[in-house]
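Here is the structure we will look at.
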């Protein structure tokens, strides 16, 4: 970045760059030197002093031109790096930067990319595990300046005696069971425990629902089974997968026990318990606890209300009741002078999604409330809004153009992640654009992703894949094939690995504009992506190629492609291979025939025989017309069709007899076949 | 189907094996039978694969197409190589060759060429990229002061130059001990020195002064930090300056041998010349005064040649000039 000078003393290893910084000392110092000289003048002889004074005078004369040296600018530590990084754009042909940029090592399919990124993460986790488990081997600190996150983190308990510090340590390391044990021991021993410590412990238990925090990668098999049992017992209706992950609030667990033991209960304890209950599914209890709190004349805080709003749909069934309950809660909130925050409104909108037709007007009211209070809505609020307004299956049910208004408002805003549900916005927005077949909106959503930091809110690989798949489908539906291809090369493979459906949309687009000469390159991409074992995709490709006759070069390329596809059907491969269908066989043979490759086409006919598939009549006719001058082949063909008992055998036999020069044996064979066929008829 | 068969064989193997050793051998046996009985897909090894009894190996993963095929000729190159990175043959669309060629051959191609990977490359610093970087760095710069247009101005207003070097490398530590070196340069003409001060200064400086460019160079690296070294360099300059102006008592005891340069006046050579001229009988009648003799052009020429010989050392030109001067002096 800094240009190296040619006499740089030494370039260190690993591609170092040395910068020479030549600075001129500031004017101030040289002036002080001159001032010093003035003092010395008195000691010198007169003659000399006059000379010097003159010198000083001239210098001062010049310096009265006022050489203004501007004040040096200061900037943050990463400012230069960020400025240089802003000159770099995205590389459309490269895979994600975390992978090795090598033709052998880059992930070519979406499964591979997931596997590789997960393996990288698991490697990092394994390294972190070792560093944490055996910190005595990792004491030397190489990094300068110090990097704290690379140092061993303390995960093992160090304090064993029964004391408050030990309790604090256990709370800090998030060991729920051990902390509760320590607390019980302390209570039995009679030592006084500070209130803050008890409240911290209560927070810990409620947050984790009286379970240990899930370790990375350890499946909680037995726990989820147990909780699933409980869930099925408790609620007969359909339970979502998220419930099993959350776990269940057991009766009389440690949190409730601790709560009852508390001498005085502040709002903070109630907050912890209520939020824990809502998080882990004990909704009715949460409301009971809330009324309890009100009876004790304590004011709830904003987090309690947020949790209670979330619990509303579990407590009431009818839409109107839900809405009334929410309004009731909000009124109580304003009565208790609690300021709502972004999470409150997001939760309200989330619950409104399950409130049917009433939701539309109320959600708009909610948005205006947010604006009045000066809280900027996050992408999660917009997501809920879209879900409320664009409910239902078909595009005809969408009388509103709320997405358009929304996008025009937030066109240039860069969002940060404020709610875990933010990541759903982009994929649902693109889904709506696809369903309403609105290309302009699609482009707007796509450009919104490029604004500032919004790309971080695209979500995990699944959501990203969904987003780009829907965008690409929309493009294939609506846009000219040149634009489609341009976007295809932009998005693939750096951002998006197309799934088979996406490739079929692309084939459709190519077909619509009859740009079928690009099909061989599409097949290459299909093979790279690992979709060459999807039979419907391959068959569609083949049928598109075989449908019409094209110019000779195109036919040649199609024939090469057909041979390649034939190789994909072969058995000796590791992956589960495709089964030949009669259509596929027919198409490949047609393509080979059209390019004039008779021997390979003959191999295909043998394949017909070995796989017991029946060729079509048109194919056989085609073959005959192609193989003029090879009478043996023709005779073999007729024999083949006789073996299959095709009704076209006599016509074929006749044609061969007429058109070809045959030997006597061949003639007899053919006439036999013809006659035997007639007899069978 | 094939996989299913294998699983059955394996489970049988486990049930039948009592001891560990037998278990292992049975396992191997069942693997071998599994290989021979089923047309296992992906088994390209052939007969030796089964004979070794090894695990079933997957077919070798083929490398994909290098991404140079997909690159557009008008692409943004600074996106491909945004920062310093080693050479990647799959990402650089140039048909580069490197290496010592075999006899009658050409240098090897870029694929798998370690020579290309070992050397540092500047693919991340193309002129277009540098232009972009400069544009991005302009906001960090202040503008050049108005009055400093030429080198003369710079020397006049900012006579002292301080040179430091910063080092950047990829590694866990940003520190580099070579970064503490500081070089201070100043022209002696910009310092106010009289004769005595200049002589003393030059004696003090020794090697650090370059006569051709009149630049004094002080290099400091004795302190661990750059700031300390710059302070030390400025301190040295100040001290040198003040010491040069001071006259110590013992300086009056300076002899001819202590002088930095040879001076012809009052030297043995001058005395020799005068004696020689007197003996040659130059000047009619009584001996002319010394000043007249000394003012004669031959004597001046002789003086110049001797001074040059003594100060600058012997060289062919200097010796020739001395010869000429002597010839003229002795009127040969």
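Just so you know, glycine gets a Cβ as well, placed from its N, Cα and C.
Panel annotation: around the compositional bias 'Basic and acidic residues' (B:61-73), residues 80, 89-93 of the same chain, lying at least six beyond its termini, place a Cβ under 8 Å from a Cβ of the stretch. Marked as compositional bias 'Basic and acidic residues' by TrEMBL: B:61-73.
Over the domain 'Small ribosomal subunit protein mS35 mitochondrial conserved' (B:159-246), the average per-residue pLDDT in this prediction is 93. Per TrEMBL, domain 'Small ribosomal subunit protein mS35 mitochondrial conserved' is recorded for B:159-246.
Residues or ranges marked as region 'Disordered' by TrEMBL: B:37-76.
Secondary structure by DSSP for the compositional bias 'Basic and acidic residues' (B:61-73): 0 helix, 0 strand, 13 coil. The helix, strand and coil residue counts that DSSP assigns across the domain 'Small ribosomal subunit protein mS35 mitochondrial conserved' (B:159-246) are 41 helix, 23 strand, 24 coil.
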